[in-house]
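The domain 'Casparian strip membrane protein' annotation in TrEMBL covers 30-158. Feature annotation from TrEMBL assigns transmembrane segment to 37-56, 68-93, 105-131, 151-172.
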Amino acid sequence: MSTPAVHPVEIPAVLARPPAVVRTKDVQGMPGTSLGLVFRVFQFVFALISLSIMASTDDFPSVTAFCYLVAAVSLQSLWSLALAVVDIYALLVKRSLRNTRVVSLFAIGDGITSTLTFAAACASAGITVLIGNDLDKCDVNHCKKFMSATAMAFLSWVSVSPSFFLNFWSLASR
């Protein structure tokens, strides 16, 4: 009878453990980062300025697009303020917000609010062009205020777009 030429060898304990999971650093602009907080603050400030300008006029309720703008930037300001508070908390306790559910909630919320804000700003821009250029009634209306509020809504949308795309990219790359 022959004996086997190869004897079983135990695997060293170092090689038996699975390799440690290496997490990449958070991309700046994502939730829980300092640039993400800056984006949230800009979203909030621009939406609040737009809301304040529209609320300072007495004839915005007569135009549906302006009412829609007020509703959209109100929602945008509340959403941005809430997420800014979450970002501040995450930065203070040095917590990463890379949980799939949290990032998907942020991405969905940013997508909805950015779409609403962009649509409202486009509708309001169309009405301000109609009032100013086509009807020549800027002297009896608050055209400058309407244009300023619309511009602030566009700036709010511009500052929410990177947040949405970074959150969406983070979800897609998993």
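Heads up, the Cβ atoms here are built off N, Cα and C, so glycines get one too.
Remote same-chain residues near the transmembrane segment (151-172) are listed as 27, 29-31, 36, 39-40, 42-43, 46-47, 49-50, 53, 69, 72-73, 76, 80, 98, 100, 103-104, 106-107, 110-111, 113-114, 117-118, 120-121, 124-125 (criterion: CB distance under 8 Å, separation of at least six residues from the stretch ends). Beyond the transmembrane segment (68-93), the same-chain residues lying 6 or more positions past its ends with a Cβ under 8 Å from any Cβ of the stretch are 31-34, 36-37, 40-41, 43-44, 47-48, 50-51, 54-55, 60, 106, 109-110, 113, 116-117, 119-121, 123-124, 149-150, 152-153, 156, 160.
When the domain 'Casparian strip membrane protein' (30-158) is classified with DSSP, helix, strand and coil residues number 105 helix, 1 strand, 23 coil.
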